[in-house]
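One structure is given here, and the rest of the page talks about it.
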């Protein structure tokens, strides 16, 4: 792995070093879900969440992406017929006598609509926002009805597979940087899938329906998927068996070469195109140094209707011990190429090729949260650097003047909202909250023109001239 992995190993270690202090074991409290599929987040959970988002967004920016935002709801017609069988999971808003609206199901369709409306032909963008789906929530697996998505997409006409390879590189950088454990990214191509269906004898009218069934193979056995295709979707048993021969194949470049030699698949033009692009993709992935993390998997389907080319999905590889300790969280990132979606919103049908990825923040967060509970480590919920304290009564005015000076200098500072707080109470608060420095002002300090600076960790106190206080604090903070 390039230096990136080491850099972010240190960054993630820094998060645990700075925010997870071993002074007293404090478990992250499980917040009770107040309505099905949603939840509140505590300050401790938000700290971890923000660090994860910062790392993800930092990676997106490093690859040159700009940020956009779109409304939480769209015209219902914008979202319909884009998600296949999952269209039934869209939340429709009550008709208020105006437009028919729905909550956004993902960030991809709104992005395509944005490109078409604004006549944008080329863009590298990222988007972080909430989406809503009416599916059965599984809280322990990080599945909710309201959740956050982090998307990165490249729109525009470029040479084949270069943007696609960068998307996979970004996935690897983020998952390696978050240190979630070993992972694999499965890749396939919708053209290979459609070609496979055609040579196996699936009627073209059933392609999308059968694709949705194949998409369940990561959660359901082949026996159950075959039963659904034959009994519920009317596929001939022998056709389902032919499909079964293919979807159990996975490997690397050698499997691509093997599929090129397959007597049935090589007869299909779409499949040959898809295989050709995958072969080129693996060349670029090798140059990026991530080919060993990628697996060509013919069972990968990605059920969304708008995908047209390469598709991919990242899953964590659990050790036997991890599998016993926690539930499978499924994929933690996914994406693919969708070259026809923008044209659906353009009045003239003008197409803008796109490829992108989405990071499963909620699932990643559930993994990190579970690990923190296991370690029982304390999390700092504020970034306060200095606490302003006094050992005596009637010093509120002096404390207020002092803290205003610190705030004006850009120093993160707090005080207790009491006229006459006890010094011990103030010092205990600093220790509990992990505040590193305390400035103490009293009668003696006022007479001598000094301020006492206390280091909370060592309880050492030093006298600082009043006029040098801000500079001394800034110096100590820069050294820590």
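Using N, Cα and C of the backbone, Cβ positions are placed for all residues, glycine too.
In TrEMBL this protein carries:
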- 106, 107, 108, 133, 149, 153, 302, 306, 307: L-histidine binding site (BINDING)
- 36-391: domain 'Aminoacyl-transfer RNA synthetases class-II family profile' (DOMAIN)
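Location within the structure of each feature annotated in TrEMBL.
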{"residue": "106", "record": "L-histidine binding site", "Cβ contacts under 8 Å, 6 or more apart": "83, 131, 149, 151, 358"}
{"residue": "108", "record": "L-histidine binding site", "Cβ contacts under 8 Å, 6 or more apart": "151, 153, 306, 338, 341, 356, 358"}
{"residue": "302", "record": "L-histidine binding site", "Cβ contacts under 8 Å, 6 or more apart": "188, 190, 215, 311, 313, 334, 336"}
{"residue": "307", "record": "L-histidine binding site", "Cβ contacts under 8 Å, 6 or more apart": "190, 336, 337, 338"}
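Mean per-residue pLDDT, taken over the domain 'Aminoacyl-transfer RNA synthetases class-II family profile' (36-391), amounts to 90. When other Cβ atoms within 10 Å of the Cβ of residue 149 (L-histidine binding site) are tallied across all protein chains shown, the result is 18.
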